[in-house]
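Per Swiss-Prot, these features apply:
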- Glu97: active site, proton acceptor (ACT_SITE)
- Cys338: active site, S-methylcysteine intermediate (ACT_SITE)
- Cys117, Cys121, Cys124: [4Fe-4S] cluster binding site (BINDING)
- Gly164, Glu165, Ser196, Ser219, Leu220, His221, Asn295: S-adenosyl-L-methionine binding site (BINDING)
- Cys110-Cys338: disulfide bond (DISULFID)
- 103-333: domain 'Radical SAM core' (DOMAIN)
Amino acid sequence: MQSITEKIDIKALTLEELKASLKIIGEKEFRAKQIYEWLHVKLVRDFEEMTNLSKELRAKLASEYELICVNDLERYESKMDGTVKYLFRLSDGNVVECVLMKYHHGNSVCISSQVGCRMGCRFCASTLGGLTRNLKTSEMLDEVYQIQRLSGERVSNIVIMGTGEPMDNYDNFVKFIRMISSSDGLNISQRNITVSTCGIVPKMRALAEEGFAITLALSLHAPNDEERAKIMPVANSYQLQDVLNACDYYYEKTGRRVSYEYSLVDGVNDTAACAKELSRLLKGKNCHVNLIPVNPIKERDYKRSTGNNIQNFKNILEKNRINVTIRREMGSDINAACGQLRKSYTDKTMVQEVNL
C-alpha cells in the first residue's frame, strides 16, 4: 500500500496508466499525451521544462509525482573506435554503467538491468560484489534517454547486456521493453533490441509468451552441464537441456533466431573437444553463436584464449555448419566490458573512504 507521502514514479507509467493517474488528481485526460511526450520523446528532466503546461499544473505534478533520472558521473571515450562508456549515478547514490557503440547502421547502447548481479558467473566483473538491487523501469528507460541527450544522436539499437540478469528483474524489464518500443515514446523497433540471460528457464518461457519481437541471447559459455557449472552457478539450478528447450520454445513462439554467447577462456572452454561438443549440441538449430574473447579480471585466474585457439574454435563450428562470428572488441582501452568501469569506480571510492 502506497503511503500518503510517497510520490508516484511518473516515468514508469504507461500512457494509459498516466491517464488514469491524472484523472485521480482531477486533471483532464488529454494532458496525459502532452506529459508523456515531454517525458519519453523530448526527454525532459524537470517538470518546469514542460512549457506548454500551466505553472500551476507543473507545481501540482511536482507535488504528486517523482521524476526519476540518472545523472552523468563519469564518461570515457575510446580513442580506438569512438565507443563511449558512461557511469551514471542513481538517486540513492548507487552507480550503473552503460555503453554507446557507434556503427554504420546506427547507434547501439548497452544498458544495465540491476545494480550488481547475484548470478556469480566466474568470468564476469559484474558479479564480484553481488546484487545490490533491481533497477526500476524508469531508471532503465533513463539510461537510454540520458545517452541520447548527452550524445545528441538517436539511439536505434539496445542490448540489455550490462550489469545484472534481466530475467531476475523480470517485471521491470518487460515493462521497459513495452515502453521503449511504444509509438508514443522513442519507438525503438523491438527487432533492434536484444536481451541476454544466463538461463533462468521459467522466465525465458514467460518471455516467449509476451508477444515481443526482441532477440534472445543465451549466455552459454560451455557445451555441457559439468563444465558450465564450474563457471556459471546458475547451471546448478537449470540443466542445460532444459535451457536449450526454452530457447527452442522462444524460437517457436516468436520466430526470432536465438543467439548463443560463448566467452572463450584459455584452457577452460576453448579446446577443439569443446568446439566439437558445442557443434553437436546446436546441430540443426536455427541459431547464431557469438564467440567472445573473455576480458581478464584481476580477481579471477582466467585469461582469454589465444588468437589461434579462437580461430580454430570458430573453424570447427563453421565446418559443422553452425552460424558463428567472433565479437568485435569495442572500447577495450576504456574498460568497456560489462562491470569493469563500475568496479573500478567503487574500488577507488572505497580506497578514498579508507584513507579519510
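One is the number of the first residue shown, and numbering goes on along the chain from there.
From the backbone N, Cα and C atoms, a Cβ is placed for every residue, glycine too.
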- Note on the structure: Record-annotated S-adenosyl-L-methionine contacts Gly164, Glu165, Ser196, Ser219, Leu220, His221, Asn295; largest Cα to Cα distance in whole Å is 19
- Message: So, three-state DSSP: helix, strand or coil for Ser219 (S-adenosyl-L-methionine binding site)?
- Response: strand
- Note on the structure: Nearest by Cα to Cys124 ([4Fe-4S] cluster binding site), of the recorded positions Glu97, Cys110, His221, Asn295, is Asn295
- Query: Which residues, sitting 6 or more apart from Leu220 (S-adenosyl-L-methionine binding site) on the same chain, put a CB under 8 Å from its CB?
  - Reply: Arg228, Tyr260, Glu261, Tyr262, Leu278
- Query: Relative to the Cα of Asn295 (S-adenosyl-L-methionine binding site), which of the recorded positions Glu97, Cys117, Cys121 has the closest Cα?
  - Reply: Cys121
- Message: DSSP secondary structure for Gly164 (S-adenosyl-L-methionine binding site), reduced to helix/strand/coil, please.
- Response: coil
- Message: Are there recorded positions among Cys110, Cys117, Cys121 that sit within 10 Å of Gly164 (S-adenosyl-L-methionine binding site), Cα to Cα? If so, list them; otherwise say none.
- Response: Cys117
- Query: What's the most sparsely packed of the recorded positions Cys110, Cys117, Cys121, Cys124, counting other C-beta atoms within 10 A?
  - Reply: Cys121
- Message: I need the least crowded one of these binding-site residues (Ser196, Ser219, Asn295), counting other C-beta atoms within 10 angstroms of each C-beta.
- Response: Asn295
- Query: About how far apart, in whole Å, are the alpha carbons (Cα) of Ser196 (S-adenosyl-L-methionine binding site) and Cys121 ([4Fe-4S] cluster binding site)?
  - Reply: 13
- Task: Using DSSP reduced to three states, classify Cys110 (disulfide bond) as helix, strand or coil.
- Result: strand
